[in-house]
Structure formats: C-alpha cells, structure tokens
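Here is what Swiss-Prot records for this protein:
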DISULFID  C53-C272  disulfide bond
CARBOHYD  N65  N-linked glycosylation site
BINDING   Y117, R174, S228  NAD(+) binding site
DISULFID  C169-C219  disulfide bond
CARBOHYD  N248  N-linked glycosylation site
LIPID     S290  GPI-anchor amidated serine
Amino acid sequence: MKIPAMMSLLLVSVGLRDGVQVQSYSISQLDIFSQETPLDMAPASFDDQYAGCLADMTAALPDLNHSEFQANKVYADGWAQANNQWQERRAWGSVWGSLPPSPPGFRDEHGVALLAYTANSPLHKEFNAAVREAGRSRAHYLHHFSFKTLHFLLTEALQLLRSHRSRGCQQVYRGVHGLRFRPAGPGATVRLGGFASASLKNVAAQQFGEDTFFGIWTCLGAPIRGYSFFPEEEEVLIPPFETFQVINTSRPTQGPARIYLRALGKRSTYNCEYIKEKKCRSGPCWLGSSAPGSISASCSLLLLLLFLVLSALPENPGLQQLTRC
C-alpha cells in the first residue's frame, strides 16, 4: 500500500521522544481503521529452531510437503508459483541479474521457500497468522499447523544466509499496516511473533505501513534480496525467536506509532517437535521437554523419588544405574 505524500512527511518529521508518550489523543483516520495490539514475547508463536534435527527434518520433507499440499491450497498454489519463478531464474536469471552465490548447504527448496514467502499472494499473510498461533500448544502445532515445511525451510534458510554474511548485526526498518503495536515500555523484552519482513532502506519500509513504524537492530535477520520477488525492496527477514529490548517509543497524536528495538538474543519454547512425534509413532520414546537443554517435569520428579528411596537404603552400586533419566 502506497503512503500518501502527507503521511510520508509525517513519517520523516516525527522525532523520537523520550520514554513512552502517555496521552489522550483525538480520533484520526489511523485510529479508526487500525487495530491496537500489545507488543510482547508472543507466547503463542511457534518458535522452533530445529537444533539437532536438521538432517531428520530434511529427510522428512518430501512426505510432509506432499501431505501439506493436499491440506492447504494456499500453500500449494504459492509454492507452485514460487517454484516456477525459481526455475526461471536459475535458467535465465532475472531483470535484477543472476542468482547470488548460495552458501554451503543452501538447496533449491530454500530458494523456493523464500520466493513463496515474498510473493504478492495470500500465502505470507496466512502463514504468519498461523505461526503466531501454532505455539499455543504442541498438539495445536502437530494437528492444525499446515505450514510445517515452509516454517522449517525459512528457518534453515535464514540460518544459512546469516552464516554466509560478512557482517553481523544490522539496522533495518519495518512498516506495518493495520496494527498499532503497544509495547510495555522502554526496557521491555519482546519478540515479533512471526517471520518479520524489514528493509535496509527506510523509504522502502515506509511503503508497507502507516500505523506502526519500527527501527530495529537485528542480529538474527538475514538479507534475502537475491531470493525475493521484489529485490528492490532490500528485504531482511527476521525469525520469530529473536528477542529484542525496547529502546524507545513514541505515540504521536497523528501518524504512526514509532518503536525502536535492539537485539538481545533468542528464545524458543519448542524444538524439533515434528521429529519427536514422528519417532514416537514408530516406537517407544521419551519426548522430554520441548525447550532444548531443559529437564522435563516427569524426569525431575522421578529423580527426586529415586533419591529419597536410595538415601534410605544401604549403598548399592547397581542402583546407581536407575538414576539415569
């Protein structure tokens, strides 16, 4: 959506004010047509990083992708469009030149996934809406999230592109239409909740929204210019698990809310959920915790009970093997 000239002037002229501006403001066109929503840690977001299961997920993709095509027409159509574009670019290049050198491990599926996400189609909107809700429970992800393949491929693609990048963190800009975000205030820790498109160019980001405008210092986002349907936008894609600190915000009477974020790190609730479920269907298994590196509640309770029992018995080396969990 193109921003009217007056709105562009507002975006340029609105300065960063100290602290959160709390005031009563008059109803404007933005207030009528935009929705206000909190900017927080997005607890319902599906944030799997696939740590330790990249090879297993890659092996599972053919069957998984086929089943998701059948269940999700928007995804199937978007993928077909992107695949045609990818094959065309591989054969002939594009009006912006040939494909960029790909990092080691980058496959055709990664390129198609990035093209599908950036295409002018309903896919990216439906996908991100589903990502923001799929983490409400493990069962919801397994049984109701029909974008598992796309989520994995985008996550891995960003990891590969980021590792291939010469510089680390970078300043990007993000414009949002239809939502006025409300952070808790300076110092709060937040996540963007889905795969967030931003741009290296301030002006390009302004074209995408007039309700909230972000200035973001990201360390996990990766430039995807060479894999986008619209390379001139200089897009940087930020994964849903990157965490940020709110540096400052402003809420002018008219014009966009402005929010400035600085990268903190990453945080995930889930890890390798599809592979855990797949392995459990084929035989007995222990799932443990979704969060990598943590101990499950059942294991902790078992260890406590065994400790109490063993402490009341004479020392027996054979019993020590029971404490493994």
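Don't overthink the numbers, they just go from 1 along the chain as shown.
Cβ from N, Cα, C; glycine included.
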Open item on the list: Measuring Cα to Cα, how far is R174 (NAD(+) binding site) from C219 (disulfide bond) in Å?
Closed with: 15
Task: For NAD(+): widest Cα to Cα gap among Y117, R174, S228 in Å - done: 16
TODO: Taking only the Cα atoms, work out how far C219 (disulfide bond) lies from N248 (N-linked glycosylation site), in Å, as a whole number.
DONE: 19
TODO: In whole Å, note down how far the CA of C169 (disulfide bond) lies from the CA of N65 (N-linked glycosylation site).
DONE: 33
Task: Sorted by sequence, non-Y117, R174, S228 residues with Cβ within 8 Å of centre, NAD(+) - done: T118, H124, F195, S197, A198, I224, E233, E235, V236, L237
- [ ] Would you mind checking how many other C-beta atoms are within 10 angstroms of the C-beta on S228 (NAD(+) binding site)?
- [x] 20
Open item on the list: Measuring Cα to Cα, how far is C272 (disulfide bond) from N248 (N-linked glycosylation site) in Å?
Closed with: 35
